[in-house]
Amino acid sequence: MIRARDLLLLALLGFISSALGLKVSSGYHIVHNQPQSSFPNYHGFSYLQGSAPYVIGNSLPTSPAPQNPFSSPASPPVSAYGYSFPTAGRVSCAAPPAVCEKTAYRTLDGSCNHLEQPGLGVANSKYGRLLTPKYADGISAPTRSVTGDELPSARLVSLVAFGEQDVPDPEFTLHNMQWGQIMTHDMSMQAGGTQSKKHPTRCCTDDGRLIGLDTAHKTCFAIIVPPHDPAYSQVGTECLNFVRTLTDRDSNCQYQGGPAEQLTVVTSYLDLSLVYGNSIQQNSDIREFQGGRMIVEERNGAKWLPLSRNVTGDCDAVDASEVCYRSGDVRVNQNPGLAILQTILLREHNRIADALSALNPHYDDRTLFQEARKINIAQYQQISYYEWLPIFLGGENMLKNRLIYKAPSGSYINDFDPNIDPSVLNEHATAAFRYFHSQIEGRLDLLSELRQVLGSLTLSDWFNRPGIIEVGDNFDSLTRGHATQPEELTDINFDRQIKHFLFRRNMPFGSDLRSLDIQRNRDHGLASYNDMREFCGLRRAHSWEGYGDLISPPILEKLKSLYPSHEDVDLTVGASLEAHVAGALAGPTFLCILTEQFYRTRVGDRFFFENGDKLTGFTPDQLEELRKASMARLLCDNGNHISSMQPEAFRTVSHSNPIIPCSNIPQVDLTKWIDQKLYATVDPSHYGKK
């Protein structure tokens, strides 16, 4: 094996993304047609392409949608599920309701979305999996090499296999990256971890020394720092703190035996749980209970998220007078861009609630809250599936695999399948979606309405210090900046601010997000890169050279110097190094996982906004309006003083995507929500507008 010092020298040679020049001949046909596949829970997307969309016009269906041929037989959930939102380090599980009522609105904890299996997708449940976990002991121990030895240090792999060059993406803006974090936080949060700041469980001392096994907490899985680390060796850091995710074996869940399965404490659905919370108790803490509104606090003429009651605990604050927010998700304060979008989504709820109240003054608080929430979620799903996901998965891929449809504006897509498990896949949350950390930019520009750069912020200075967005005109300036500044290219480079300075507080260095991603892969016992390649219909590699179809020779040499065997390559690592599929922002292995996940997320959601159920759905006129929702409109309606935006806010400004007045950007006409039973002649000319 090559010495660690030599490997680190390789890391400094500046090899960047040779893989980006490779082309994948299979195009969007990610999965080969395998009717005899040994993976019964996989939907086989190349086969999906042969199925006709089930699109219905303005009348509701009189017969059920055709059965999805790729779903596994219905089976009861194998674990107990709970409803409480745990603090870091704890998880509380409870059984789902024995009986579900069919109501017009989602529950807050995700229960009863599937009426016959009410625990599917609920908060505090197990992640799903595509492949059996690969624990070292078959039960819960982190993954090891096929030789029985430990795998190479996650930090070493981060340094050698991944660069840190600044390569802006000419096509996509920082809002594209930031919306991805919104979706990530909405779908997944590992039990037992803060995931946004310094963890209370210490596996390393404050000066970076490893705590002995005899005194370390049982959940410790510290990342070993190589002795000649180009950053941490300057301050003598020997390890990076890492705490394992809690599983069904660690909690009071009804453990069913077999390998441990990690728990997620948020709902699996795209339901804006990060805005509304994952339980009645959590939601009650952030609701105003008047006019259907959520709590906001007014300062300096603007409306903000409510302040935390534990400022020094929730934020990296020196004293309790600093701005620190509370919301439906404890990670709200993690970075300025995230806090801005959570504020915008909260303001959007209240904007809708106020408009509905004016249109339907007979509505009580509960009806206004639920209707505003329902519309807010529908707009969010429209933006996510029809504006954001095509950038990542490719529009052609999504159409072929029935994630989106070219349907008439008022037509329903009745594709809900009660046999589809909507649970977030471990391979998705722990590996595939984390690849897009490469889009993070360490410099955040502040722009005027004329798009002149007024200044910039350094990301690591403002982790868990969100108060900067309330200073002066920073809220609008950062919002414009994120809509104008390019994100980092989706490649093998990770910005220095997250590779050496993550959550650094007042220290010279912080943690390394790419190292954390790799270590989490091993903590969760994810199947190897080679196993997942085969699962997704690619050729299994029988030697290092077998990876050459998707990974460039220089990168393969780096991997060979790191791993004892080609069978050891972590999924998070190998799939991140693949050449991208044309038209998408990922290689075929991650694209396979992402496509599978977002198919399940859509088809496994009874409340998905395009479904035409008479009780849970929208009218054809309302659905036609919801399809006008856009990221640009969301920003225009909920900034402080934003008056212009490009129509496609996830894409950089160009001749085909110019900055235009907000008044020219289509908006959802909320007058379509007038209760016709009581108000047949309301003059609605100004309702629903800013």
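Cβ coordinates come from backbone N, Cα and C, glycine included.
Cβ neighbour count for H185 (active site, proton acceptor) (all protein chains, 10 Å cutoff from its Cβ): 23. The annotation active site, proton acceptor is assigned in Swiss-Prot to H185 on the grounds of sequence analysis.
Its Cβ placed at the centre, H437 (heme b binding site) has 22 other Cβ atoms within 10 Å. Summarising the annotation, Swiss-Prot assigns heme b binding site to H437 and lists sequence analysis as the type of evidence.
The signal peptide annotation in Swiss-Prot covers 1-20.
The annotation site 'Transition state stabilizer' is assigned in Swiss-Prot to R331 on the grounds of sequence analysis. Counting every protein chain shown, the Cβ of R331 (site 'Transition state stabilizer') has 21 other Cβ atoms within 10 Å.
Put simply, H185 (active site, proton acceptor) is 13 Å from H437 (heme b binding site) when counted between their Cα atoms. For the pair formed by H185 (active site, proton acceptor) and R331 (site 'Transition state stabilizer'), distance between Cα atoms is given as 8 Å, rounded to the nearest Å.
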